[in-house]
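These notes concern the structure reproduced below.
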Amino acid sequence: MARKSLSLSAVLAFSFSLLLFPRPIIGGGHDYRDALRKSILFFEGQRSGRLPPDQRVKWRRDSALHDGSTAGVDLTGGYYDAGDNVKFGFPMAFTTTLLAWSIIDFGRNMGPELKNAVKAVKWSTDYLLKATAKPGVVYVQVGDAYSDHSCWERPEDMDTLRSVYKIDNAHPGSDVAGETAAALAAASIVFRSRDPVYSSLLLNRAVRVFNYADKHRGAYSSSLHPAVCPFYCDVNGYQDELLWGAAWLHRASRKRVYREYIVKNEVILRAGDTINEFGWDNKHAGINVLISKEVLMGKADYFESFKQNADGFICSLLPGISHPQVQYSPGGLIFKAGGSNMQHVTSLSFLLLAYSNYLSHANKVVPCGERSASPALLKLLAKRQVDYILGDNPLGMSYMVGYGARFPQRIHHRGSSLPSVEAHPAPIRCKEGSRYYLSPNPNPNLLVGAVVGGPNVSDAFPDSRPYFQESEPTTYINAPLVGLLAFFSAHP
């Protein structure tokens, strides 16, 4: 009886939140299956290297086929992280981890799109295996960001510097190495039954990369500051990535050594810090939710403090509970300070949904002072964010390119905004692209499935390339959205 009343209070709380954030009236709901297909298709538009015969985004062509050659290694492949042509290893690894987690928790809901989601993971892990082939070395970036950002070029025409940056024993980077280990370990779970040999390769490499990250501690934004800052500078420190890597290695290997590492290092590596942050820079909320699953399954009392942190994270997101780091726009969108707000929306919503499932299996709720949050409430909150992205917002527009009747037309993305190679076979050099960048015309190539940085805290959106924080898509916005859309396509 007590549990039923707790759930009722949660539903009442949610009703209150709907009064705060009224939903625009729409007809027929959303086609989550279509949005799922498009959210995965987006990754094909971000591919670097030699494109495969089954490439579906036809306006893209091969690009960056000599990456790594200046360092005597093959670093072709992988993803461009956003609207530019640099390959940044830190956000690429985080993208991979979240794509893998989406498949692990929600793959059963993906239907025919599961195979495409798995391909999206493998496109990245094939690259990460190349980047970690040498023991004690991780190649973490290809391309000089300053050179790249001074041009507006298609990746197929790229003639900017393809400088190669690495971390090693003398130049540590526990943050990017820890995230890379997490990505390889999470992906090993995805391939465990599909390709056991590949899965073992991924897990063994994850172990080696994690050991390097832990033994040679330091931030890559110190070792490689001129190259990675201010682009993907790790403001938060490397400690969370070590715990995150250990958590995924524990999940993938079930080895006691990683459980002991997590328990031993919980305080030293500050597991309880900034518990309502989650993204390419800060893994704290993700660590606590991931580890809490074992507590909720009744198998890991020694991780209880992580569950308490996860509960605190959930409470900080509830509408109507004031929290200085989490706001909601008048239209109901989660808003956090910093660029590209949709990355926070999709990552935090993914954790809401994942934790909701873990709570459901354990028949538990989250206590939040005088109120409580049921699994049903967490799902509703996550769904509200997804629906906002897809068009239930004050502007009545989808923030996913190619979904719905109205969506961003002028996204901050070189390949999308410049004529395709098919339409314009001659190269478009560095400064020749500026007129396309500044043009008021819609982009000629639809980057279907791309979700942009999104509106500001007042729900306003300038559909304009120069406003990159609002109009630029990124792989790490889409990766957690894949899991969310999979779930809601099966449970609309």
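Residue numbers in this text run from 1 along the chain shown.
Backbone N, Cα and C atoms are what each Cβ position is placed from, and that goes for glycine too.
Long-range C-beta contacts of H412 (active site), restricted to its own chain and to partners at least six residues apart, with a cutoff below 8 Å, comprise G83, V452, R465, P466, Y467, F468, S471, E472, P473. According to TrEMBL, the active site annotation covers H412 (among others).
For D463 (active site), the same-chain residues 6+ apart in sequence whose C-beta sits under 8 angstroms from its C-beta are P408, Q409, R410, S471. Under the heading active site, TrEMBL lists D463 (among others).
If you look up TrEMBL, you'll see E472 (among others) marked as active site.
The domain 'Glycoside hydrolase family 9' feature in TrEMBL is assigned to 32-485.
The signal peptide feature in TrEMBL is assigned to 1-27.
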Q) What count of other C-beta atoms do you get within 10 angstroms of the C-beta of E472 (active site), across all chains shown? A) 22
